[in-house]
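Undergrad: What follows is a single structure, and I will ask about it in a moment.
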Amino acid sequence: MNPYILATLLFGLGLGTTVTFASSHWLLAWMGLEMNTLAIIPLMAQHHHPRAVEATTKYFLTQAAAAATLLFASVTNAWLTGQWEIQQITHPLPSTMITLALALKIGLAPLHAWLPEVLQGLDLTTGLILSTWQKLAPFALILQIQPSNSTLLIILGLTSTLVGGWGGLNQTQLRKILAYSSIAHLGWMILVLQFSPSITLLTLLTYFVMTFSTFLVFKLNKATNINTLATSWTKAPALTALAPLILLSLGGLPPLTGFMPKWLILQELTKQGLAPTATLAALSALLSLYFYLRLSYAMTLTISPNNLTGMTPWRLPSTQLTYPLATSTAMTICLLPLTPAISALLTP
């Protein structure tokens, strides 16, 4: 792609998110979301491949449906209450509709079906943008409206953690596994949203760091399915040794960074008297942990003298920068000891 066009599209992505962040009026927020969607579509379709075009079309249709529902809900709110302010959503009908529209935007279960399909059709770089940056603007809106319907949020959160766990079990494609991982993580964030927005933000940030590391590892190995991972130890032995730690951090295993948000969320849910919800969420995390363990097994326990499951790839020199990967890997593995400092900052 022409670098000028790429720069313009990335600027559009940034601008769309910033407009949504800065807006206090529903029309401006909707406009930011639309700019975001329109900027990422050429990035998704840049490889003229039928899968990429199909993924782009699916993404466009779901995002357009979500944006139309959001616009309809905000107009309904203005009609019922005379308010266009984002924080003045008082009526339950527009509040529920907006929550569902934003859930469709970020891919929360049961409105998640588009996400694995779309992510599977994209290359890893665009997939990374879709899994991280594209979640920011809708999340800012969900945090601002503080949905009044708490039951809806808990149902969305629990369904997402369960679907994210179940869905990834039978997958062999890494991008689909990462999509289900994304659904499960978003479920955890939504569960705690109404009780502690600061923990939700912390979970979102740690999820970004861990997903960034995972995508970069796969990108360095040019891996798109589990069999390709099995031959990665010949290309980058040190990275292959670290990759299971990154994956287990995504699964939320102590003593890695990914354990911190899960720990704080379970603690908060128990404080609020939702022990059954916390138990169910913790059990659903075991499902996710299983498929991360599968990936770890494929990467490290299929090393010689065992038979290789995949074809040995060409060992071409990588053009990818390794500093971002080194930084994010260190953060993915080592930040758990900072938990007391972070919880001290989070408590008002």
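Every residue, even glycine, has its Cβ placed from backbone N, Cα and C.
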Undergrad: Looking at 20-43, 92-115, which stretch does TrEMBL describe as transmembrane segment?
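TA: That would be 92-115, per the transmembrane segment entry in TrEMBL.
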Undergrad: Give me the mean pLDDT over the domain 'NADH dehydrogenase subunit 2 C-terminal' (289-342), rounded to a whole number.
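TA: Mean pLDDT across the domain 'NADH dehydrogenase subunit 2 C-terminal' (289-342) comes out at 84.
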Undergrad: Among 151-170, 177-195, 201-221, 233-253, which stretch has the highest count of C-beta pairs below 8 Å with the transmembrane segment (92-115)?
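TA: Highest pair count goes to 151-170.
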Undergrad: Any chance you could find the range in 60-80, 151-170, 177-195, 201-221, 233-253 with the most Cβ pairs under 8 Å to the transmembrane segment (273-293)?
TA: 151-170
Undergrad: Six or more residues beyond either end and a Cβ under 8 Å away: which residues meet both conditions relative to the transmembrane segment (201-221)?
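TA: That would be 124-125, 127-128, 131-132, 135, 139, 143, 174, 178, 181-182, 185, 188-189, 192, 228-229, 232, 235-236, 239, 243, 246-247, 249-250, 257-258, 260-261, 264-265, 318, 320, 322, 324-325, 328-329, 331-332, 335, 342, 346.
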Undergrad: Could you tell me what the rest of the chain brings near the transmembrane segment (151-170), counting residues at least six beyond its ends with Cβ under 8 Å?
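TA: Residues packing against the transmembrane segment (151-170) from afar: 96, 99-100, 103, 108-110, 112, 116, 176-177, 180-194, 274, 277, 280-281, 284-288, 290-291.
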